[in-house]
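The domain 'TRAM' feature in Swiss-Prot is assigned to 8-68; the stated evidence is sequence analysis. The [4Fe-4S] cluster binding site annotation in Swiss-Prot covers C81, C87, C90, C162, and the record cites sequence analysis as its basis. Annotated S-adenosyl-L-methionine binding site per Swiss-Prot: Q265, F294, N299, E315, N342, D363, in sequence order, evidence recorded as sequence analysis. Swiss-Prot lists C389 with the feature active site, nucleophile, giving sequence analysis as the kind of evidence.
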Amino acid sequence: MAQFYSAKRRVTTRQIITVEATDLDPFGQGVARHNGKALFIPGLLPNERAEVTLTEDKSKYSRGQVKRRLNDSPERVAPRCPHFGVCGGCQQQHASVALQQSSKSTALARLMKHEVNEIISGEPWGYRRRARLSLSYEPKTQKLAMGFRKAASSDIVDVKQCPVLVPHLEALLPHLRNCLSDLQGARALGHVELVLADNGPLMVLRHTAPLSAPDREKLERFSHSHELTLFLAPQSEILERVSGDDPWYLSDGLRLTFSPRDFIQVNDGVNQQMVAKAIEWLDVQPDDRVLDLFCGMGNFTLPLAQRAASVVGVEGVNALVEKGQQNAHHNALDNVTFFHENLEEDVTQQPWAQHGFDKVLLDPARAGAPGVMQHIIKLAPKRVVYVSCNPATLARDSEALLSAGYQIQRLAMLDMFPHTGHLESMVLFQL
């Protein structure tokens, strides 16, 4: 029989249960058990009990919302940022730094099946030297929204402050908002990037329509009054420097010049410790030949070259290879060779692969380094240091080395992004 009306949806009462969280996941959710499954509860910390409303019930896990928290964990702290819980930037400001680090270390140890030997961390606040803020002009209010995206949304949280930004950049926010709001072309602004180099701040403004002469003058005056380097980006691939000098930062005492488009580590303090730890773990000797894979513009390569006989850096982004070569030249390092090669392809025929090496360092992107693991084994270096931004691909790639007879000597959790779910790490493998 034909049906000419919508069938009524079956309404089920949302079940309310009482549970206790036992773990904290990377997204700041408490993890409890219910009906033999993991139950994820935003905002609940380990050892906290709560009345929870079940909001989603899948075959392997459930989700819930806290209706009433019955006790507070001693690790619960007041979030420092007024935007926490709405802004998608941070997930764990309600948890103590100690709990954040122990939760990440436990997750890393579980994946790697090895204890975490050390935690490398820095200041938990004011650490972020780079940020991209979205811009959106609201015609109804005639105001410019400037901020970060909401979690799982394209909506912008109009931020007035951001305590994880380095203080110099956070202090710029109200002045920057006023400057951009006053532009005639405020409707055509896409986003603004802020970076604090060691020689001062820089700003990249993405605009989708040509800026008027008065707007350019306002921006240039702003850059001079706040002593920052100004770049304009009329298109995603075009960058015009309007004022200021080339930005640079120090790595192991070396000056590394970079472009605003180049990748640099967001957390300078942890980056410095990470470079020093890699050098220590590799135990670089004056006669060593060292290979640095996914080398970028030389964050590890050049410090290694100060200690080794020779260093080869391999990188898939040509602009970073060119920057690495320039930085080697400017720092009078003539024992470094850079190769522009795609490390996701067959590496055995690439020119760098014909060399022999005593030590290897690799720092791949989130996808890991499955294409190079067998060749590293073939090279048979005495030590391998793997720096990772994704523990899942690190665990996968590690299996190849472990199967070839390497052993994990040291495992460190890098707290590169406090108050977020990002987990970075580094491992020393030795034959």
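Note that Cβ sites are derived from N, Cα and C of the backbone, with glycine treated the same way.
Closest in space to C81 ([4Fe-4S] cluster binding site), of the recorded positions given as N299, N342, D363, C389, is C389, taking the CA atom of each residue. Here the binding-site residues are N299, N342, and the one with the most other Cβ atoms within 10 Å of its Cβ is N299. Over all protein chains present, the Cβ of C87 ([4Fe-4S] cluster binding site) has 21 other Cβ atoms lying within 10 Å. Pairwise Cα distances among Q265, F294, N299, E315, N342, D363, the recorded S-adenosyl-L-methionine-binding residues, top out at 21 Å. Among the recorded positions listed here, namely C87, C90, C162, C389, C389 has its C-alpha nearest to that of E315 (S-adenosyl-L-methionine binding site). For the pair N342 (S-adenosyl-L-methionine binding site) and C90 ([4Fe-4S] cluster binding site), the Cα-Cα distance reads 33 Å. Confidence across the domain 'TRAM' (8-68), taken as the mean pLDDT and rounded to a whole number, stands at 88. A strand conformation is recorded for C87 ([4Fe-4S] cluster binding site) in the three-state DSSP classification.
In this view, F294 (S-adenosyl-L-methionine binding site) is surrounded by 21 other Cβ atoms within 10 Å of its Cβ, with every protein chain counted. Its Cβ taken as reference, D363 (S-adenosyl-L-methionine binding site) is surrounded by 21 other Cβ atoms within 10 Å in the chains shown.
Within the group of recorded positions (C81, C90, C162, C389), the Cβ with the highest number of other Cβ atoms inside 10 Å belongs to C90. Here the domain 'TRAM' (8-68) is broken down by DSSP into helix, strand and coil counts: 0 helix, 36 strand, 25 coil.
In this structure the alpha carbons, written CA, of F294 (S-adenosyl-L-methionine binding site) and C87 ([4Fe-4S] cluster binding site) are 32 Å apart. Within 10 Å of the Cα of C389 (active site, nucleophile), the following binding-site residues from the list C90, C162, Q265, N299, D363 place their own Cα: D363. Counting only same-chain residues six or more apart in sequence, the Cβ atoms lying under 8 angstroms from the Cβ of Q265 (S-adenosyl-L-methionine binding site) belong to N271, M274, N299, M416.
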